[in-house]
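**Student:** In case it's useful when we look at the structure, here is the feature table from Swiss-Prot:
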type	residues	note
ACT_SITE	28	active site, proton acceptor
ACT_SITE	40	active site, proton donor
SITE	46	site 'Transition state stabilizer'
């Protein structure tokens, strides 16, 4: 299930003033004193994701920005909706926004997807090394296998069952090149420290045919997100026609 927020800034400021950690903290603040209130302290999959804020240009007073939040937990989305529905104004990094529109909705499973935020995968988690498209040793099959292994692991943790999946998670993938690059370096500020997270963006992630028994798995990844750090807003995907 998904939640779309239309946020109207009450002043002008630069786009980089709000980062992924800002949005994650905002979502956790909405969950306070709910059944999901202690989620941030739990060392396990969170099973939710959010998109990049769009359009990706500077904030202008009175001009709407949009944010999508998704989760396979319907109740999680319901809690956020109820909290936000009672608020006329929200703060993100001390910048005030009017909640001009709030919408809950579900999407049908399609066989093609596009990234709404970079997909993050570790090449070596112990060493903190991310898979980078432009590394000399980049291996597309290794990337797809890591993507699949991570998705299956999360699915099993959520449903306590094996997913039905025939073949690879995707049959065709095509990178999205922005400013001449596929790799996206995102600077995250947390507790006064900054660190870089490296992800990749894709204009096409396609499974040629999704069988009826596979739809549950693809609905899950569409709601949960792909790769690592989903609750930090990485790996958000949208279905395309």
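Glycine too: its Cβ is placed from the backbone N, Cα and C atoms.
The structure displayed is predicted, hence computed values, not measured ones.
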**Student:** Among the recorded positions 40, 46, which residue has the largest number of other Cβ atoms within 10 Å of its own Cβ?
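**Tutor:** Going through 40, 46 one by one, the largest Cβ count within 10 Å is at 46.
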**Student:** Which of the three DSSP states, helix, strand or coil, fits residue 46 (site 'Transition state stabilizer')?
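**Tutor:** Note: residue 46 (site 'Transition state stabilizer') is coil by DSSP, not helix or strand.
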**Student:** For residue 28 (active site, proton acceptor), what residues in its own chain, 6 or more apart in sequence, show a Cβ-Cβ distance under 8 Å?
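**Tutor:** Residues satisfying the criterion: 39, 40.
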**Student:** Going by DSSP, is residue 28 (active site, proton acceptor) part of a helix, a strand, or coil?
**Tutor:** helix
